[in-house]
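First the structure, then my questions, so here it is.
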C-alpha cells in the first residue's frame, strides 16, 4: 500500500503535471499536422487514395510532425506522443502505471482536440480503416509489427550508451514512422498511434475496427521494449531511468 501511495503521489507532482501538459501539446501538434496533411491531399487530389504522391506527402508530414513533437517534449515528458510508446515504457518498468494512465488521458485529449479544430474547416476528418479484403486480425498484426519497429527505434535512438547526437534521435523516430506510413497506408492507414485513431474516430463518430489500432500497437510496443531491454541490448534499470517521462527517452536529451 505504501508503494502504491508513493506512486500515486509521484504522479501528481508539479513535474508530473508539466509532463502531462507536454504530452497533450505534443500529441495535439502531431495529430493536427498528420490529420491535416491527409485532409489537404484529399482536398487537392480528388482520388487521393489511389495517388502515390499523396501517400508520400502524408508520410513525409507524419515523419516531420512526429520528429518535432518528440523533440519539443523530450526534456519534459520523454516525448512519448503515443499511448503505445507509453505502454511499452510501462511494461519495461520505465514509467509507473499511474503516470502512464495520465499520459494516455493527456494524449487522447490532445488528439481529440486537434481533430475537433480540424473539423471546423468544414471538411471530413479522415479516420483510419482497413479495406474489405483485409481481416481485422491481419490489420492488427500489421499495426503491431510496425509499432514494434517504431518503439524499438525509440529505445535504440534514445539509448544513452549510443554516441548519437540529441537531434538525431527524434529524427530517426520520425523517419521510421514515415517509412511505415508509406508501407501500410493503403492497408491500415499507418496509424501506430491509438490516440490518433481514437481522436479521429471520436470526432467522426465512427469506431469501426478501433480494436485493431489498440491491440496491435500495444502488443508490438510491449514486445519491442522487452526485446531491446532484455535480449538485444540488456540495460540495468537505475533510478535515473525512472524519472518523469519514463525513462530511456529522457536519458538522451
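Every residue, even glycine, has its Cβ placed from backbone N, Cα and C.
Sharing the feature lines straight out of TrEMBL:
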type	residues	note
TRANSMEM	20-41	transmembrane segment
TRANSMEM	53-74	transmembrane segment
TRANSMEM	94-118	transmembrane segment
TRANSMEM	139-158	transmembrane segment
TRANSMEM	164-183	transmembrane segment
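Tell me about the setting of these features in this model.
Through the fold, the transmembrane segment (20-41) approaches residues 48, 51, 54, 57-58, 61-62, 64-66, 68-70, 72-73, 76-77, 79-82, 102-103, 105-111, 113-115, 117-118, 121, 123-126, 193, 195-196, 199-200 of its own chain, all at least 6 residues removed from its boundaries and within a Cβ separation under 8 Å.
Residues 22-23, 25-27, 29-30, 33-34, 36-38, 41-42, 45, 81, 167, 169-171, 173-175, 177-179, 181-182, 185-186, 190, 245, 249-250, 252-253 of the same chain sit 6 or more residues outside the transmembrane segment (53-74) yet have a Cβ under 8 Å from a Cβ within it.
For the transmembrane segment (139-158), the list of distant contacts is 82, 84-85, 88, 130, 164, 168-170, 172-173, 176-177, 180, 183-184, 187-188, 190-192, 209, 211-213, 215-221, 223-225, 227-229, 233, 248-249, 251-253: same-chain residues at least six beyond its ends, Cβ to Cβ under 8 Å.
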